[in-house]
């Protein structure tokens, strides 16, 4: 060992070696001081809760070795019990005093023995006070080391089980555990029923639109319209082909929903514009006759000029089931969720989720945008190319 130290001293220098040893000593001293201050603590490496101890000694405690092979010896520290503080003078932690009239009645009934053990008789007759009565022998140090977080833990700490050792085990087991078990089972049943009720209320609040046929719920009306069109409409058409008899009505609301749809499955269009309140004969904004464009899901109508449609868009909306802005859903996934992520084509007014596109988009592009269908159909005449040429 000495040879190794001499080699290090020769290689690095004596002053460098002394500085390194001093820094190592300072680091160990700080580490030991920090450990002694933060005890008790939970060791993250071993998972053991370290408790305070007296294995840390100082230089002034060091003495010569007493046995052979000992370099140093340290004095043994005498163990001392922690001094307890006086119990708090809280009237709630004391036993209730027996009034004279109560004492007389208990003596008449023979509940109090002649030796004067009134406390035992009181605990025998009233098991409720047996639960709430405090235990004056509870160690105050244990209360300080384990802070009480709720009333149940506080009751568990001050429970007078030590005073009930002289009582019969049968009486003690009949009173407390069975009543507690019943209370727990009843509270569990009530809490589970309340949780189910709260969950159903939240579901009804989050998804107010329900299907009258199958009971499936949706967050908005476009989703319910899409469900009607793609689920029950196809079933109705298949039933009409197989059987000419009219189906039995499920409810009055379902009949109204079916009556609002035309023979082709589209919603019956309104005969007026939702923006200018004109009809196909006159546009109240321009004063000219103009054809109405109707939503295939809700039947709302509007003039193309009121909708700010371009001539290309006016021709494109006649080739597919056009949807208004409130009923618009993604043309790829077919859902209307995350409507803030919908991107509309400037040539056909179809909607697409930005994350459904290939490649996906994180932000909407600047200027005009054309979908893949319009790019294949219009090619160089698409709005996206017109915007690039104008810029």
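The first residue you see is number 1, and the count goes up from there.
Glycine is treated like the rest: Cβ placed from N, Cα and C.
Feature annotation (Swiss-Prot): of 233-266, 267-300, the stretch labelled region 'Disordered' is 233-266. When the ranges 25-59, 165-199 are checked against Swiss-Prot, the one recorded as region 'Disordered' is 165-199. In Swiss-Prot, the feature phosphoserine is assigned, of 113, 142, 368, to 142; the remaining candidates carry no such note in the record. Residue environment of residue 10 (SUMO2 cross-link) contains 10 other Cβ atoms, counted within 10 Å of its Cβ in all protein chains. Every protein chain considered, the tally of other Cβ atoms within 10 Å of the Cβ of residue 281 (SUMO2 cross-link) stands at 9. Averaged over the zinc finger (327-377), the predicted model has a pLDDT of 88.
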